Amino acid sequence: MINDVISPEFDENGRAMRRIRSFVRRQGRLTKGQQHALDNYWPVMGVEYQAEPVDITALFGRDAPTVLEIGFGMGASLVTMAGHNPQQNFLGIEVHSPGVGACLADATEAELSNLRVMCHDAVEVLENMIPDGSLDMVQLFFPDPWHKARHNKRRIVQTPFVELVRRKLKVGGVFHMATDWQPYAEHMLEVMNGISGYRNLSSDNDYVPRPDSRPLTKFELRGQRLGHGVWDLMFERKE
């Protein structure tokens with residue numbers, strides 16, 4: 001497993017260039033189980049980053065609808081979705097290796113063959129590896145809201161990013177976002193409404209009820225008991 005989650009970029013003078021990232025990589029300690037999964041299951045389900053388009057049909061060994069999830073955390077929801085939808089391919093991206101290890105362990109225990117995982121910056125993966133018009137759905141669940149105003153520029157949902165996602169979706173493909181931070185939900189809606197190539201699937205042109213396709217997490221259930229809200233947004237590529 002190659003553990004460089006970002007690729008260095010240099011200017012014409014050879015100086016390293018800084019790109020605003022939507023994540024801070026806090027490298028937590030791996031449990032023995034997570035390390036075992038990385039050592040043994042990454043060769044089966046792991047996908048190394050490459051700066052050229054990947055053949056998705058070859059990657060999964062079949063031609064099937066493909067779902068990309070960005071930032072899957074510990075992977076519980078992703079594994080559940082892959083298990084419930086064996087007719088679909090699932091590609092998950094996460095920059096924190098403990099989460100990748102946990103996901104690999106759970107996916108192996110569930111005997112999943114339709115799941116692949118990556119440990120790299122999702123923006124670079126989308127820019128360089130994912131062919132245009134190849135994805136049926138892109139999922140972005142509970143991304144870091146970067147609460148402080150001075151950090152808002154770090155939010156992954158910005159106009160260039162959602163335009164990039166649109167290019168990677170098939171016509172009719174869906175970009176599904178969810179957040180438990182209302183100001184971020186409002187920001188997401190504002191950004192999406194500014195892009196002409198999407199159609200909001202909400203009948204009220206704002207948020208949709210949580211679809212059955214997105215499993216409830218323990219964190220979300222706890223939040224519901226405390227009266228916390230969750231906002232789902234689903235936008236379809238229309239052109």
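For all residues, glycine too, the Cβ spot is worked out from N, Cα and C.
The following features are taken from Swiss-Prot:
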- Glu69, Glu94, Asp121, Asp144: S-adenosyl-L-methionine binding site (BINDING)
- Asp144: active site (ACT_SITE)
- Lys148, Asp180, Thr217, Lys218, Phe219, Glu220: substrate binding site (BINDING)
- 150-155: region 'Interaction with RNA' (REGION)
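Taking the features listed in Swiss-Prot, we show where each one sits on the structure.
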residue : record                               : DSSP class
Glu69   : S-adenosyl-L-methionine binding site : strand
Glu94   : S-adenosyl-L-methionine binding site : coil
Asp121  : S-adenosyl-L-methionine binding site : coil
Asp144  : S-adenosyl-L-methionine binding site : coil
Asp180  : substrate binding site               : coil
Thr217  : substrate binding site               : coil
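Per the record's binding annotation for S-adenosyl-L-methionine, residues Glu69, Glu94, Asp121, Asp144 show a top Cα-Cα distance of 15 Å.
For Glu220 (substrate binding site), the spatially nearest entry among the binding-site residues Glu69, Glu94, Asp121, Asp144 is Asp144, judged by CA separation. When pLDDT values are averaged over the region 'Interaction with RNA' (150-155), the model yields 71. Sorting the binding-site residues Asp144, Glu220 by the number of other Cβ atoms within 10 Å puts Glu220 first.
Spacing of Asp180 (substrate binding site) relative to Asp144 (S-adenosyl-L-methionine binding site) is 10 Å (Cα to Cα, whole number). For the pair Glu94 (S-adenosyl-L-methionine binding site) and Thr217 (substrate binding site), the C-alpha distance works out to 17 angstrom. The binding-site residues considered are Glu69, Glu94, Asp121, Asp180; of these, Asp180 has the fewest other C-beta atoms within 10 angstroms of its C-beta. In this structure, the C-alpha atom of Asp121 (S-adenosyl-L-methionine binding site) lies 26 angstrom from that of Lys218 (substrate binding site).
The Cβ of Lys218 has fewer other Cβ atoms within 10 Å than any other of the binding-site residues Thr217, Lys218, Phe219. Across the structure, Phe219 (substrate binding site) and Glu69 (S-adenosyl-L-methionine binding site) are spaced 18 Å apart at their Cα atoms. The two recorded residues, Thr217 (substrate binding site) and Glu69 (S-adenosyl-L-methionine binding site), have Cα atoms 15 Å apart.
The CA atom of Glu69 (S-adenosyl-L-methionine binding site) is located 19 Å away from the CA atom of Lys218 (substrate binding site).
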